[in-house]
Structures are given as C-alpha cells and as structure tokens.
Amino acid sequence: MGIGPFFKRRVLDSIAIITSLLVTLICLLLVFKAPLVYWFGNHIPIQKTVVGIGFVIDLSAALLATLASLLTLCVFIYCWHYFEAAGNLFHALVLIFLGGMLGFCFTSDLFNLFVFFELMSISAYALTGYKNESRSSLQGSLNFVVTNSLGGILILLGIGFTYSQTGALNFAQVGNLYIHQSMNGSMVASFILITSGFLIKAAIVPFHFWLADAHTVAPTPISVLFSGIMAQLGLYGLARIYWTMFAKPSFPLEHQFLILFFTIGALTILVGSMMCFMERSLKRMLAFSTISNSGVMLIGLSSLTPIGLQGLIYYIFAHGLLKAILFMCVGILLHHFGSVDELELWRKGKAIPLIGVLFFIATIGLCGFPVWGVFTAKNLIELSLPSFEKEMFIFLILFETLLTGGALIRASGRIFIGFGKHQTIHTPVKNITQQQETEHTKKATPITMLIPITILMVTLLVLNTFTQFNVLLNEAAQEFQNQRWYSSVVFNQPPPPLYDKPLMHTSSNYLIELIGVFGAVLVGLLALFGHRCSQWLKNIVTILIIPPSMKLKSLQSGLINDYVSWIILSITLISFLCSCHYEAILINHYFYHSLHLNH
C-alpha cells in the first residue's frame, strides 16, 4: 500500500517537470521567433478595429515568459523531495500559476490582462496557505488575498473607464484612439486606477505590506516564484499599459508621473532596505530585499527611455535568478534545521558549507558585483536618468546595497561561519515561522535541491558572458516603448525602424559598485561585532538609528485594516496631486484661448 502513493507522487512530479521543461523550451523558441501575433478563432482585425482576442508576443514578453517558465521548472525539480505528501493539488496550482503568468505576458487585451492577473493571483492565494493551518499563516494569507484583490478591483475599474471612453479593449486600438483625443478626466482616472493596481502587485511602498507576510507563511519554493517573477510582473503590466496606450504627446502628465515614479521608487528603496536590515527571519529579510529591489526597477521605469527599460528587463532577469538561489538556500536550511531564524541558526550552517558558499555568492551578486547581471542593470538605469536623478540614484543604490547586502552578509556570517556572539532566544520573534516544510530532516542535502541552484547559477553566468544578450535586451526595450511599432505588429503593417544601440558600462560604475559590495561586507561585519565597537558609535546607533527604525517596523502590523487604510490613503493622495495638476492645465488652456480670442 505504501508503494502506491509514492509512485503516484513521482508520476505527478515527472509530469510537472516535463511540462514545465517543454514550456520553457517553447518560450525560448519564441524569443527567436518574435514578434508573433495569434488571433483566437482567426478573428483578425478589420480596418484597424479589433474584433477578437489575440496574443502579441514581442521580445520582452517572450523573455519574461522564459524566465517564469525556467523558475517554475526549477521549483518542480527542487520539490522532488521537498513535499513528500504534497498531493496532486500542488502541481496543478503551480501550473495554473504559470499559465496565468504566461497569459499575462502575452495578452494584448485589457480585460484578458485582468483575467490572467486574477488567475495568477487566485492560484498564488492557494499556494500561500498550502500545508499551513496555524492562525498566523491564515492571517498572512488573508492579508495577501485582500490587498491583491483590491488591486484587481482597481485595475478593473480603470479598464471600465478606458472602455467607456474608447469602446475598445485592445492595447493598440486604445492607443490609436487616445492619440486623436485630448486629455480628459476619464483618461487620467483610468491611468491612476490601473497604475495603483499594478503597484500593489509589484509591492511598491506604501502598497508593499502584503509581500513580507505572504513570504512568511508561503512554502519556500513558492517564495521563489513570488520574489523571482510575480512581483516584477506588476511593473511589466504597468509599463505595457503606459507605452501602448498613454505614451503620447497629448498626455501632459508624463513629466509628473516620471517624478512620481522616481519618488515612490526612492521611498521603496529606503523603506525596503531599512526593514530588511532589521529582520532576523531569513524569508522576511529576502522579502524586504525584493521590495527594495522593486524600487530600483521602478526608477528604471520612471526614466521613460529605451535604455532605462533595457536596465529594467535586465534587472528583472538578474534579480529573479539570484533571489531564487537565495530562497532555495534558505529552504535547505529549513530542511536541515527546521528554522529560518538567523539567531537560532547560529553556527549550524557550518555543517553544510557548500550552501554557505552559494548563499554568499548570490548575496554579493545581488549587491552588484560586476560578475553578475545586477551590476549591468543598475548601470543601464543610471545612464538613462537626467543628471540630478542620476546623482540621487547613485546614493539610493549605495544605501540599498549597504543595508540589504549588509543584512544578508550578517546572516551568512552568523549562520555559516559562527561570527558574532551567541544570543539566547527567550521568546520567538513575531512573524518568524518555525513550521517544518519537509517531512523528515536529513543529514544530506538531496541532489534535487542542488540541481536547480546549479541551473540558475549557470544561466546567470551564460547571460552575463553572452554579450549578444545585452543587444537582445536593447532591441526588446526599443520595441516595447515604441507605440507605433506595437500597433504596426498588431495590425499587420510594416513596423518602423529601431535606432538605439546598447550602451555599455564604464570604469566609474565599477568603482561605485565595488564600493557598495565591500561596504555591504563592512556593514555586515559591524553588525556582527558591534558589541566590540567604541561607545560613541553605539550611542549614535541607539539615538539616531534605532528609534526611527522601530517606528518604521511598527507599521508592518500584520493587521489588514491598517494595510487597506494605507492603500486608500495613498491612492487618494496620488489622485489629488494628479487632479490638481490636471485642473491647472485646464485653467491655463482656458486663459490661453480667452487671450487668443480677445486678440
């Protein structure tokens, strides 16, 4: 009787791995075949009027779909021995989740964008609470459900405003109709609502509260998908909507949204970095690192240039692969020792030195060490910004590297080397889950847990050494931000030529990133050996750093009422600022036309 369930589980594992492998290969093939357009039921457009539902697969969509498929493949391999009693629901839910992500990347229809958004979200809700029945786990899942459902409602309302204005749902058709319309309140309201919904999915401050709670209770392999690709798809959706529909000369709020995105991105970096450094739960530490990195990506989007978008796509790839490696290392720690508490794991990691080496390599890669792709991505984003924003961005990435990198260096030094003094744990810290995710703790790390880490490491090295990948990303960015190009592909017309060439990094960027990496190591060591520092340094930390940090941490209350209140307050503030500027534009136009008539 015992052979039956075991055999059934291995069959399910094999089917899931083969399916995700085939999907990954197909998506990789689409990268070389793009652009492609497929109309379901062969309902092709008639005289630039879309009458059916279609998939438009350009380079950026194919690349992100390949990343999502690769991470899903690695998750299935990783889980071969991870859930020994997972049942058949786990495989089905992850494949549905993958299907939602692929549809989200490929669709060219507003309503179907919402449908795939919800399909992705619903499967993610179920996966978050998988095998978790404690009260804290259910609370974390509930926070995820409510906040992301609210994001979906906002997107649907924005789509409703767009449809009432244009009578169309296809991105290209809506964009063509908006070109011939002057800006109006419905257009602004639509953009604000859709933007807010995607910022929630991307975990951008102050819409970020759900991500850390979801990571705390979700199985560690699922966190690979949440931080590796799901949150970043929120930024992809925002960029896709902007460049296909709203990027036009008659949309005068472009500069204001650029400033808004840069400001929110900077705030996200600051908050995420500080919260990351204050955490001792490895899963929450990595979750806040993801939030901070999402801020960097949003700044890349805020440049509204092909180079900035190229940096954004590169960052999504490099960050997704590195963060997946880190979460898989945390899963191995949980497998061996049944804990993700940095303090409780003191010196225990010395029993698995290989995992410590992998964790450290991924950490310095995430800090921006030149061997890995994060360095190139940050450099591209920096090159895309105006002079003042560029100086601010350099400060922000140094701040982010010092704190998030310092936190991960501190954790790796304490866990895998035994640095710092041992601290007696009298009471467990709130939001640190101790639930064992594997059935039996084993001395040896299963080979199936190491294979996906190896795949991800090799992929990173190949992408960083393959110079043609940077050229490919530049082409993808140009296609993505060119509204005329997208419209031409949809309506089967000759696309306009592309012109930009990829920009490469300079020696000054190497210096900045190396300062950040070594600074992160120094910050991590200071955190480990702070008890040996001089008294004046301890006083500075006690007076200037700890009080605001604790106040910031108190905002992550875990109460859904607080999270929803922050979302509503933020949307209200954004709407108020945009409305004021919109009214100012209308008043200026009124006086201009009045003076013109008088003359």
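Any Cβ shown, glycine's included, is placed from N, Cα and C.
The annotation transmembrane segment is assigned in TrEMBL to 12-32, 52-78, 142-163, 183-210, 222-243, 255-278, 285-307, 313-334, 392-411, 447-466, 510-529, 563-591 (among others). Here TrEMBL flags 108-404 as domain 'NADH:quinone oxidoreductase/Mrp antiporter transmembrane'.
Sequence-distant contacts of the transmembrane segment (12-32) (same chain, six or more residues past either end, CB-CB distance under 8 Å): 57, 59, 62-63, 65-66, 68-70, 72-73, 76-77, 79-80, 88, 91, 94-95, 98, 102, 472. In this chain, the transmembrane segment (183-210) touches the transmembrane segment (255-278); three or more CB pairs sit within less than 8 A of each other, excluding pairs fewer than 6 residues apart. The transmembrane segment (313-334) makes contact with the transmembrane segment (222-243), as judged by at least three Cβ pairs under 8 Å among residues 6 or more apart in sequence. In this chain, the transmembrane segment (52-78) does not touch the transmembrane segment (285-307); fewer than three CB pairs sit within less than 8 A of each other, excluding pairs fewer than 6 residues apart. Between the transmembrane segment (183-210) and the transmembrane segment (222-243) there are at least 3 Cβ pairs closer than 8 Å, counting only pairs 6 or more residues apart in sequence, which means the two stretches are in contact.
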